[in-house]
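Noted in TrEMBL for the protein shown:
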COMPBIAS  583-594  compositional bias 'Low complexity'
COMPBIAS  603-615  compositional bias 'Low complexity'
COMPBIAS  620-642  compositional bias 'Basic and acidic residues'
COMPBIAS  686-703  compositional bias 'Pro residues'
DOMAIN    537-575  domain 'RING-type'
REGION    577-725  region 'Disordered'
TRANSMEM  54-73  transmembrane segment
TRANSMEM  80-97  transmembrane segment
TRANSMEM  123-141  transmembrane segment
TRANSMEM  146-165  transmembrane segment
TRANSMEM  171-193  transmembrane segment
TRANSMEM  205-223  transmembrane segment
TRANSMEM  229-247  transmembrane segment
TRANSMEM  281-299  transmembrane segment
TRANSMEM  319-336  transmembrane segment
TRANSMEM  342-370  transmembrane segment
TRANSMEM  382-405  transmembrane segment
TRANSMEM  411-436  transmembrane segment
Amino acid sequence: MALKEKLEAVLNVGLRVPSIMLLDVLYRWDVSSFFQKIQRSSLSNNPLFQYKYLALYLHYVGYILSLVLLTLPRQHLVQLYLYVLTALLLFAGHQVSRDYVRSELDSGYEGPLYLEPLSMNRFTTALIGQLVVCTLCSCVMQTKQIWLFSAHLLPLVARLCLVPLETIVFINRFAMIFTGLEVLYFLASNLLVPYNLAKTAYRELVQVVEVYGLLALGMSLWNQLVLPVLFMCFWLVLFALQIYTYFSTRDQPTSRERLLFLFLTSIAECCSTPYSLLGLVFTVSFVALGVLTLCKFYLQGYRAFMNDNTMHRGMTEGITLLILAVQTGLIELQVIHRAFLLSIILFIVVASILQSMLEIADPIVLALGASRDKSLWKHFRAVSLCLFLLIFPAYMAYMICQFFHMDFWLLIIISSSILTSLQVLGTLLIYVLFMVEEFRKEPVENMDDVIYCVNGTYRLLEFLVALCVVAYGVSETLFGEWTVMGSTIIFIHSYYNVWLRAQLGWQSFLLRRDAVNKIKSMPTATCQQLQQHNDICAICYQDMRSAVITPCGHFFHAGCLKKWLYVQETCPLCHSQLKSQSQPTPTAAPAQEVPQPPPPPANQNQAEAEPAIPEGGEGGCERGAGDPETEPRPELPDHPEGEDTDPPGPGAEPGLNDGQSGEDSEEGQDPSPLECQGGSRNSQPLLPPPPANPGDHPAPPPAAEGCVASLSTEVKGPAQQHVGQ
C-alpha cells in the first residue's frame, strides 16, 4: 500500500510537469515576432500562416489547455495520458507500415518471401513491430478487441498473399484512413466528457466556496496539486536540459572559473519567466530545508526530528529570493546582467541559510556547555559546526569582494555574513565560559552579565546594519528612482527590522534594570539566617553562602533570582508578586490602613530583645555548634504567671510569655519560609497571648521582622510585640 501511494504521488507530480512547461513556452512565444520571421521565410505562402489572429486564438487556447491539464484530477489525468499514449502507438504502427512498404518498393521483388532472405527479414521485423504495437494498445486501453488496433497489419498480410506492390501502397493508405476514422469515432463518442467534467468541477468549487470559503479552496488546491514540488521538478528539468545542451555542444574541457560562470548563466537562463522564477524559488526553499535538516541531524541525530521548528523549513530563504528578484526586475534583464545579479541574490540567500543554521546550533552548543554531558563526540560536532559557521561566512565575504567593487551597498550585503561570524564567536566564548565553570565546579561571577554583553553587542551591531539599510533605501527612494515595490519593502524592513528590534532591545534593558533594582531593595540574609534556613537555592539547587530574602520570606541567590526576574515578576516558590520598596505591594489588608508603630528604642528591654550568642562566635557563617540542625534545643523551665524571668541562656528560646510552658514551646513546629522572612531561631520570640482589654487598638507587626503573618496583638505597658514562629 505504501508503494502504491508513493507511485500515485510521483504520478501526480510528474504528469503535471508538461502543463507548466507548456505555460512557460507560451509565455516566451512572441506571436508578432513569430509572424515576422514567417514572412521572411518560404512559409509565407502557406495558408496556415496567413492569419495572425488565428495564431493568437491558438495561443490563448494553449493557455486554457495547460490550465486544464494542471488542475485535472489525477484519475482523469492518467486516463488522458493513456489515450495520448495509444495515439502515439498507433502513429508508430503507421510509421512502421509505411517504412516497410517503401523498402519493398525500393527492392522491387514481388515473389515469395521465403525465396528472398532480405525480404523475409524485412517482413519478420515489421510483423513483430506491428504485433507489439497492437498488444500495447490493447493493454493500455484495457480491451480484448485487438482487431481494433490491427489495421496496420493489412499491408503485411497483402504482401504475404503476393499482392502487387502498387496495390499494397493503396492498402497501406486504407489502413491509415481506417485508423484515423477509429480515432475520430472515439473522440466523437467522448465529446461531452470535458463538458461533464467542467460542470462537475464547477459544482464542487461552488460548494466548497459556500461552505468553507475561498481560503479553504486555495489551500485544498495547493495540497492536491503539490505546487512546491511540482514547480521544483519543472525547474530541475529546465536546468538539466540547459546543462545538457551546453555540454553537448562543447568538446573542450571547462576550467573552474568557467564552470562557475556556466552555473550562474544556466540559472539565469532558467528564470526568465514568472513560472521558472517560481520554480527557482521553490528549489531554493527545498535546498535550504535539506541543508537545515542535515545540520540538525549532524548535531542531534534522530532526536532532532522529534520537535521540528516551523521557522526552519527553508521558506524564509525562498521568500527572500522572490522579494529580491521582484524588486530588482530580474526576469526583465539580459542573461549576462541577470547572472551577475543572481550571484548577489544567491549570496544573500546563502547568508540567510547560514544564519538559520546558527539559530539551530546556538541553543544546542550552549546547552552542551551548561550541562554535564561529557560525550566528546557531541561536543566535537557542536564545536566543529560553529567553527564552520565562523570561517565560511568570512570566506564568502572575502570572495564576493574580489568580484565586485566595494561600496556602501556591497558593505551592507556582506554585513550579514560578518554578523554571523561575530555571533558565532560570541557563542563560542559563552561555551568556553560554561566549560570553565564546569571544570572549576564553582559558578563564574557575573556570568549573566557577560552573556548579556556578548548578545547585546551582536544585537546592537545587527540593529545598526538594519538602520543603515533603511537609510540607504530611503535616500535611493528620495533622490533616485522611486517604485511602489521598493517603498513597500523599505516600510516593511523599517517596521520589522528596526522598530520591533528597538522595542525588544529597550524592553530587555528595562527588565534587567528593574530586576537589579528589586534585588538591591531586598535585604541580604545574615549568617545566622542562612544557618537557620539551612537549605539550598530553589533555582540552581546549590548551597547558599549568600542570599537575598524576598518579601514573602524565601531565600535565593541574588544572581539566580535576578535571572528569574528577567522572565517574570513573581516568586519562584509561592508566585507572589515581587515589588521593589519604591513600588506598593498589594495585600489583602482591610480598607482602612493601620499606621505602622515607630520602632522601639534601642535601650528598651535590651535584655529581652537581644538574642543569645551561640558558642561558635558572633555572626559566624560557618556551620558548627550554632547550627540548628546539629545542636538540639534545650527544654525551658516553667514559670508561674506574672513572674519576670531572666534572659535565657544560649540555645534557649527567649521571650516566653506568661502561661507558656517549655513543653508548649517544644511542641511547636519550625516556621516555613512563607511565614517569616528570616532570622535565626534564637532571635524570633514567641507570640504573647491576646490582651484582656478588647477596646485597645491592635498594632501591626514590625516591618523589620519581615513576617507575613496577619495576626496583630496588643500588650500593656512597655511590653514589646512579637510574631511567633
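Glycine residues also receive a Cβ, built from the backbone N, Cα and C atoms like all the rest.
The shown structure was predicted, so the numbers you read here are calculated from the model rather than taken from an experiment.
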Exercise. Does the chain bring the transmembrane segment (411-436) near the transmembrane segment (342-370), so that three or more CB pairs sit under 8 Å (pairs 6 or more apart in sequence)?
Worked result: yes
Problem set entry | Contact ranking winner - 54-73, 123-141, 171-193, 281-299, 382-405 against the transmembrane segment (80-97), Cβ under 8 Å | 123-141
Problem set entry | Within-chain partners of the transmembrane segment (54-73) [C-beta distance under 8 Å, separation at least 6 from its ends] | 16, 18-20, 22-23, 26, 29, 31, 34-35, 80, 194, 197, 201, 221, 225
Exercise. What is the pLDDT of the domain 'RING-type' (537-575) when averaged and given as a whole number?
Worked result: 84
For this session: Name the range, of those listed as 123-141, 171-193, 281-299, 382-405, that has the largest tally of Cβ pairs under 8 Å with the transmembrane segment (342-370).
Result: 382-405
